[in-house]
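As given in TrEMBL:
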- 1-12: compositional bias 'Polar residues' (COMPBIAS)
- 89-106: compositional bias 'Low complexity' (COMPBIAS)
- 107-117: compositional bias 'Polar residues' (COMPBIAS)
- 670-799: domain 'STAS' (DOMAIN)
- 1-42: region 'Disordered' (REGION)
- 80-117: region 'Disordered' (REGION)
- 209-231: transmembrane segment (TRANSMEM)
- 238-254: transmembrane segment (TRANSMEM)
- 301-328: transmembrane segment (TRANSMEM)
- 367-390: transmembrane segment (TRANSMEM)
- 402-421: transmembrane segment (TRANSMEM)
- 433-452: transmembrane segment (TRANSMEM)
- 480-503: transmembrane segment (TRANSMEM)
- 557-577: transmembrane segment (TRANSMEM)
- 583-603: transmembrane segment (TRANSMEM)
- 615-646: transmembrane segment (TRANSMEM)
């Protein structure tokens, strides 16, 4: 209650064997129970109320071994005039049938603030079966099977299923546009949309070139998929379009296919080679192998990859497989994007220096090749050389110095504005709109290139003719889809993981919900439809998404506005980009990679927090750099799952001790005041118990409690030489147990029995208790040597030597 000046902690006294003492201010606590003591003080109306259940007087001790647990927190002694709590005495005692005191009386402790809630419990210790009977445990029946859950989930898709409701779920745009506030949101969405369009133009052209196709294809990706996602996506803030990591993955994929990068000479050369091969082999005629005659161009390969990736994502969405995104941890995504950034930067060096490189090796070790040199003493020495960097070193003498000068000046301007001037300008004018320096550099250099004839006078490589208007719909080539399925699966997983992680970040910040499965359907549909319009797979971009949110974007109306501006660019501004030097787009890409290269420092922070996560980062990063992007991703996922498996097989375990003045038991290695009870070991296993870690559990509990190996017990080589007579297993962290785990527990209890040591289980979760019931575990417990209790404190009450 906000009007009360004191926190209240109240426990009901409606069960057998419970005594509660509550400190309360400002309200009357009553309701049918007997008030044993009540004292009112002027001003604060501070009262001490003790409730005592009458049934406690007549309660019988538990039938196991007639033990009794009692711990009393004595009444607070108060000064009438000062309202201060003076002497607070804690007494916490436990007795057993043998009369030994395992928890002795504790000394007096200094008083605490009068505003602290006080609760005193007094009840008899109780075994689990008596506890279940006494408090009316309900039989929940069999656990719902996984198959039934999947059927039930699929059934929810048809709940209240009408055509209109189905369309609203499939196209969330029509749901939020009905409640769209044009007065509150339109202006901010227009500003954000215009800003994002300015970013789309240089990034689209640069990442289109990076993907191995014309820059105009990058602009298509910035238009068609964005428009579709605005209709079907559930995120209000992510910006769909081109992304550097996806572009470099696509470039790697089409290089594996050996595509023809031009429509003329490359195709003719491959055609002549194919015809000569057919004439020599004489195995098939010309009309029977049209696909072999006309190999795919780069854009044909990318559109085929696009539609296949879209179909995979669409199927995943309809099968509700959005949960699979959890396999890509934040550390793995960070390492993957950082490693991919090195590939991106390396691929731009040829444009930066304006040199012609011979075709590089594709696939694993494309950045590195191994050369074995036989030297003196017949020793094999392996030298690692960067293939592309050595290629650059060989061709550096052909560098166009004028192009290099333009690149260096452009990079310096971009870095100075982005890292120095823009932060100061934003702080001074208190504005989140980024300065469009990328677009300004493109416009200025293109204009200068046009008037000073960079291509004719200085041999600068320029963009050349860029088509205007929208592309005519073309059907992707399905004959090469089977060759790129592995790449498409990798693209689908990476695209979805990056986009969903960004969507969740901003959804959490702005308090709305993102639907993972609908995101899969939206992005899959966007890829499928846009593949007919010369597009390659799209993805969310961290930089654009952050800018869209910072500039005030509140809905995907910002994406629609950016599409409108890009439509004008596609229809009218293509010819103006004819004289744009390609090195400028490479400069834009390299400067934009700064945020990814900064992630290299993440490994230091991650390593300090967790060695396993740091190792996952390093393995993924090195695999991406040295084994190529797609293979590196697979290696990273496998290693990440391996780390999870190792954590399951060898989880953390510890011994607990009693904390003074409490009924709390804590790790003796962490808390200095946690003391082990003489003759008792309280063991805690922090993992599920199943077939993978059953042997580890058995060996670990024997080693930590009585320092004996299981094999020695089987061979009869050892006896219990320790004073331990009882082992209590705290099962609260064991969230799951299978039949193998149950058998292991039975085996451990029998091993302890052979050594004349009791083994008690306590604090078992409901899922574990249900498995015990299904496996008749309760009936298999040896009398007087094992029992199950609802809490550690209950088990301690029964810990007496056998």
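A Cβ is built for glycine as well, from the same backbone N, Cα and C atoms used for every other residue.
Contacts between the transmembrane segment (301-328) and the transmembrane segment (480-503): present, as 3 or more C-beta pairs lie under 8 angstroms, all at sequence separation of six or more. When Cβ-Cβ distances under 8 Å to the transmembrane segment (557-577) are tallied for each of 209-231, 238-254, 433-452, 480-503, 583-603, the top count falls to 209-231. Long-range contacts of the transmembrane segment (615-646) within the same chain: residues 245, 248-249, 252-253, 327-329, 331-332, 334-336, 338-340, 342-343, 362-368, 486-487, 490, 493-494, 602-603, 606-607, 692, each at least 6 residues beyond the stretch ends and with a Cβ under 8 Å from a Cβ of the stretch. Contact counts against the transmembrane segment (433-452), taken as Cβ pairs under 8 Å, peak for 583-603 among the stretches 209-231, 480-503, 583-603. Among residues of the same chain six or more beyond the transmembrane segment (480-503), those with a C-beta under 8 A of the stretch's C-beta atoms are 234-235, 237-238, 240, 243, 245-246, 249-250, 252-253, 256-257, 296, 300-301, 304-305, 307-309, 312-313, 316, 322, 324-325, 327-328, 330, 333, 336-337, 514, 516, 519-520, 523, 537-540, 542, 545, 630, 633-634.
Within its own chain, the transmembrane segment (209-231) has Cβ neighbours under 8 Å at 171-173, 200-201, 203, 239-242, 244, 246-248, 250-251, 254-255, 259, 261, 298-299, 302, 344, 347-348, 351, 463, 466-467, 471, 522-523, 525-527, 529-530, 533-536, 538, 556-557, 559-560, 562-563, 566-567, 569-570, 574, 577, 582, 585-586, 589, counting only residues six or more beyond its boundaries.
The domain 'STAS' (670-799) scores a mean pLDDT of 90 in the predicted structure.
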